[in-house]
Amino acid sequence: MSRVYVGNLDPRVTERELEDEFRSFGVIRSVWVARRPPGYAFLDFEDSRDARDAIREVDGKNGWRVEQSHNRGGGGGRGGGRGGGDGGRGRGGSDLKCYECGESGHFARECRSRGGSGGRRRSRSRSRSPPRYRKSPTYGGRRSYSPRARSPPPPRRRSPSPRGRNYSRSPPPYRARDEVPYANGNGLKDVRRSRS
């Protein structure tokens, strides 16, 4: 499989239009049109000879720049196809050089040396975001446990109340002791006088 880079595209160009333009040269496996930023695309030809024919015939047509994009390391995946641009060296594509690797034929967002296509980075950021949401319930759970930790103080509040009851119960026995030995009111007065 051979990947072809197409630059200087009109932002309104669709994948179907590109496929119709290049279909006559051979079997196209996939077509990818950039949207952010627009203006370029990649086509995967099943046969590298078909890709070379397409580059020869279409390069310069409609103002397009058509170059071959080589996979680094001998064809390791779709993301790698966007990383190369060896064919662009001979064409002087200095205005389309990648800021990451210095090669022409692709942008920094599509450079393999940067860690793959931009889509992969977005997927990583999405994968990182769910753990943040997963952590929040744990914090919420800890907060929910804190009221349970505060629940023991109510028994402590109950403990003073029996003491208060003891104090309320204790005075009647003292009064009973004073009143029991002396049935008459005079006896109580005599005791108080004798104590005085």
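Heads up, the Cβ atoms here are built off N, Cα and C, so glycines get one too.
Sorting each residue of the domain 'RRM' (2-71) by its DSSP state yields 25 helix, 27 strand, 18 coil. Residues or ranges marked as domain 'RRM' in Swiss-Prot (evidence: sequence analysis): 2-71.
The annotation phosphoserine is assigned in Swiss-Prot to Ser48 (among others) on the grounds of a large-scale study or a structure entry.
The region 'Disordered' annotation in Swiss-Prot covers 58-196.
Among the features that Swiss-Prot reports, compositional bias 'Basic and acidic residues' is placed at 58-70 (among others).
What Swiss-Prot records for 72-87 is compositional bias 'Gly residues'.
Annotation comment: Swiss-Prot describes 88-100 (among others) as compositional bias 'Basic and acidic residues'.
Model confidence over the zinc finger (96-113) stands at 61, taken as the mean pLDDT rounded to a whole number. The zinc finger annotation in Swiss-Prot covers 96-113.
The phosphoserine annotation in Swiss-Prot covers Ser136 (among others) and is backed by similarity to another entry.
Here Swiss-Prot flags 139-149 as compositional bias 'Low complexity'.
Look at Swiss-Prot and you will find Ser144 (among others) tagged as phosphoserine.
Annotation comment: Swiss-Prot describes Ser146 (among others) as phosphoserine, evidence class similarity to another entry.
The phosphoserine annotation in Swiss-Prot covers Ser151 (among others).
Feature annotation from Swiss-Prot assigns phosphoserine to Ser159 (among others); the stated evidence is similarity to another entry.
Marked as phosphoserine by Swiss-Prot: Ser170 (among others).
The phosphoserine feature in Swiss-Prot is assigned to Ser196 (among others); the stated evidence is similarity to another entry.
Residues near Ser48 (phosphoserine) in space but far in sequence (CB under 8 A, at least 6 apart, same chain), listed by position: Met1, Ser2.
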